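One structure below.
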Amino acid sequence: MSVNTHEKHDVRKTEYNEHVISRHSSASSSVDVNSAGQQSYMIPIDKCIEIFGTHKVHGLSHEKAKQLLAIYGPNSIGDGEKVSILNIIMKQIFNAMILVLIISLIISFAIKDWITGGVITFIVALNVFIGTQQEYQAEKTMGSLKNLSSPSAVVIRNGTEQTIPSQEVVPGDLILVKVGDTIPADLRLIETHNFETDEALLTGESLPVAKDANELYGQEIPVGDRLNLAYSSSTVSKGRAVGIAVLTGLNTEIGKIAKALHGDNSIIERVQDKENAHAKDYAKATGVTIWNTIGYILGTAEGTPLKIKLSWLAIYLFCIAVVFAIVVMASQKFDVTKEVAIYAICVALSMIPSSLVVVLTITMAVGAKEMLKRNVIVRKFDALENLGSVNAICSDKTGTLTQGRMIAKKVYIPGLGTFSVEDFNEPFNPTLGSVRFSESSPTELNDKNDEHEVKWITFEEFKEKFRNTEKYELFRNWILSASLANVAKVYEDFDDEEKLNFHLTRPSKEMSSIYRNNENDVEIIYTKGAVERILKLCETWTDPTTGAVSSMSVESIDYVEEQMNSLSSQGLRVVGLAEWQKNERESIEQKLHFLGLIGIYDPPRPESLPSVKLCHHAGISVHMATGDHPSTASAIAREVGILPENVSMLPQGVLDSMVMTAPQFDALTEEQIDELPCLPLVIARCAPQTKVRLVEALHRRGQIVAMTGDGVNDSPSLKMSDIGIAMGKNGSDVAKDASDIVLADDNFASILNAVEEGRRMSDNIQKFVIQLLACNVAQALFLLIGLVFKDDDDFSVFPLSPVQVLWVIVVTACFPAMGLGMERASDDIMDRPPKDSKDAVFTWEVLIDMFVYGFSMASACMIPFVIEVYGYGDGELGENCNRTDYAETCLHVFRARASSFVTMTWCCLILAWEVIHLRNSLFLMRPNAENKWTQWMKDLWANKVLFWSVILGFVTLIPTIYIPVINDYVFLQKGISTGWAYAFGCSVFFLLVCEMWKFCKRVYFRNEKAKNPEEDLEKSGEMKAFEQFTES
């Protein structure tokens, strides 16, 4: 609110300003400079000079500048963070799953089991290498911010102009800036000369901002509206200025963003009030620090919900593995020989899904590659784990939901009527769409409650009605400017020729074009620009009541402004158009004839509306946070479906909450925000901190939030959100550094591509988690049951050798799991609500499946072992059959192992195909397919990585069983004959159990759906999207 334009608020503003001034003036000798700097736009220039102890001509003295530098520190936002390979490697190692494997590795080498130790070493190295390689791609956020800072500054000290490093600027310094300079600190301007700055990195405003040192404000206003301040790291686009440095370093607006990005990731808990602290406070801080350290080492303290769950899973499995190892040693009466120790390790390893981490990492890498094809660049793999659970998207408007280009929507011609451009949103193809005409003015049209009350006619009907009338001449003057108004659809060739063009400039705020009419040999000058500026230049207009040309009066100006406000209320940016005849620039833009108003706007992208509808259909709410005015933001929000067209179904409280301005939202406490019936779907005049508060509010409501942004000002909210999405074309480097993914085409629809890909990966992670953990459960059960098989020395015989166990974990199960990670998305993937991030993978269904399949697999493996040992070997288990030196007495044991190993391998491979769909039969995965009984073969072949990895698993069995030395020395098994038949029969048994279990699940979920049919009820788009707000 400026002094110049709102005199009726002067009294109230003066009182407010005096309150601000007195607060700072009455402070102690050490004035709170930072507080004064934050409110300097409300303090007059002279008082500001006094508060900061400087001089408007001589500036600070050298001595005082040194003192202030010692007090406030260097004017810097900190150094860029460097990437440390060692830190990245340690981050990969400090993971519960890897630590468990490292413990097993150490024990294996300690007992000189070189083969087992070597295989585990390979697994650990592979996990760490792949994780390090992907993590190293992360870049430095603070480094990009530091690059925005000015390297030097021109200051006045002791009355002398001098150039100093920008780090030495202190509060109170008198700063001189000119075109091309980067402003070194936040300045309270005291002198401006045609001065403009580019603040896009802070406010997102693409146009330069004209500054005025004489502006003064009587209340708190958004950063972008403070015309008497210039901000650190913004650039001077025009003119020159002098200002007082009021904020430096991390206290500047850009510094606040740097602080928000830097955060506090320390695991050390510090005592806040050390002077009044007691022993229990230090004890509590020590306990929290120890807990944080343990959590950091085990990977349970930070990361995505999935990573934390996997770390806890590894800890639980490790505890179970230790118990199993103790059981093994107890069964041998704690006579722990090398063979017993190896068996204990073997049982323990069978519980650890050692390939899960590497499969997960490779799945993420492949998913990132697929996203790149859909214009989504993944910077941080952690984001992929959250994408499938996103249930709220906060989007910017300009360039993301809209095209970032202006077109005309309405044209008002006094004395004629209003033209409306319909079904058109292509700025560079104005021949599309249609034009309607009404003889009513914009205010009259707004007053009509019903669209049917307005009499619209087509342009063809307009021409037929007015062709030979004087009114048509009023329209003729618009034809040449049609390209400006994007109504070229109505263009007619009048043989006019453009002669000269004066581009839009500031502060004149208008542009002009000269056309020569060859028919009448006359030059016509058209001028368009800000309405208030055009009105000042106009002397005449066409009176709409009489249709005659008359002088512009106060009443006529009020009438035009009323029409302008009517168009603005529809979310349009309004410009004026005028004409005259002259060809000197100064004369051109004076004494003009007012032609009318053009209402322009930035049209939505064609894909925005269907994308928002798809979000609603998928259970994702969409919020718009924009710097635009509320009317503009609301109009676009309705066009793209963020706001409902039919508001009659909504309570008034909900309507009031749906659209808010940043000052309104920021004025609310957290408790008041949480009590709102719904969080704002549109926040206009949005500031950086407002976006952060919106994300925090969504988090308090349990939402997983994706936030878009392109400017430096968006960086804190990008970091705060679960998935930060930066713009690839128009985004700043800082925004990209703070983001998790980048949209290559700046298109909202690409966010849906990312969400769909995230859901696909989340589904696939569930599939290979079931497959891997079911194999682990099967091995653990089989090996524990194997404790009952004792040889002549009363030692338990391994039903599977250690290498066989590792082979199944690393080779047999791992590669099909990778294939499952590449499985295509299901047809209904965007018809379902988002998964709960806390249970996105480990649902009750997944856990029960894991044990059912694992128990069935263990049972299937036990059958051939028992048949071989007791059917052919009469129960003879030989001596020392757990050692690598083969003896003839171990023949049946070695063959039994081979039969069980084949069965275990085949069951793991069959399970990989079975879990492609968790409920539908393997032979009927797509019940709606045309040829559903043969469709299963096409489905298996569709994922070629999975298909060939399963085939590879079948084929690689043969050399392990028949190649000498490898079979008996490494795998502790022998070639089989009838064992293949037993393995085949048991695998078919396992397949039947899987099919029966999935049939039972289908019956169960069908009955559950029948009990709650409303949960499956399809609702129309708008009702489904906004039903949560219909309850009063």
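Cβ atoms here come from the backbone N, Cα and C positions, even for glycine.
Since this is a predicted model, take the numbers as computed values, not measurements.
According to TrEMBL, the compositional bias 'Basic and acidic residues' annotation covers 1012-1025.
Residues or ranges marked as domain 'Cation-transporting P-type ATPase N-terminal' by TrEMBL: 39-113.
Residues or ranges marked as region 'Disordered' in TrEMBL: 1012-1032.
If you look up TrEMBL, you'll see 93-111 (among others) marked as transmembrane segment.
Per TrEMBL, the feature transmembrane segment maps to 117-136 (among others).
The feature transmembrane segment is assigned by TrEMBL to 310-330 (among others). Only residues 6 or more beyond the boundaries of the transmembrane segment (310-330), in the same chain, are considered here, and those with a CB under 8 A from a CB of the stretch are 95-97, 99-100, 103, 298-300, 303, 336, 340, 343-345, 347-349, 351-353, 356-357, 360, 776, 780, 783-784, 787, 796, 842.
Marked as transmembrane segment by TrEMBL: 342-366 (among others).
Among the features that TrEMBL reports, transmembrane segment is placed at 768-789 (among others).
Feature annotation from TrEMBL assigns transmembrane segment to 801-820 (among others).
Summarising the annotation, TrEMBL assigns transmembrane segment to 841-867 (among others).
Sequence annotations record features per position, and here TrEMBL assigns transmembrane segment to 898-916 (among others).
Residues or ranges marked as transmembrane segment by TrEMBL: 945-967 (among others).
Residues 849, 852-853, 856-857, 860-861, 863-864, 867-868, 895-896, 898-899, 902-903, 906-907, 910-911, 914, 921-923 of the same chain sit 6 or more residues outside the transmembrane segment (979-997) yet have a Cβ under 8 Å from a Cβ within it. The transmembrane segment feature in TrEMBL is assigned to 979-997 (among others).
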Is the transmembrane segment (93-111) in contact with the transmembrane segment (898-916), using three or more Cβ pairs under 8 angstroms as the rule and ignoring pairs under 6 apart in sequence?
no
Among 93-111, 801-820, 841-867, 945-967, stretch most in contact with the transmembrane segment (768-789) (C-beta, under 8 angstroms)
841-867
The transmembrane segment (801-820) in contact with the transmembrane segment (945-967), cutoff 8 A, at least 3 CB pairs, sep 6+
yes
Same-chain residues near the transmembrane segment (841-867), Cβ under 8 Å, at least 6 residues beyond its ends:
306, 309, 313, 762, 765-766, 769-770, 773-782, 785-786, 799, 896-897, 899-900, 902-904, 907-908, 911, 914-915, 918, 979, 982-983, 986-987, 989-990, 993-994, 997, 1001
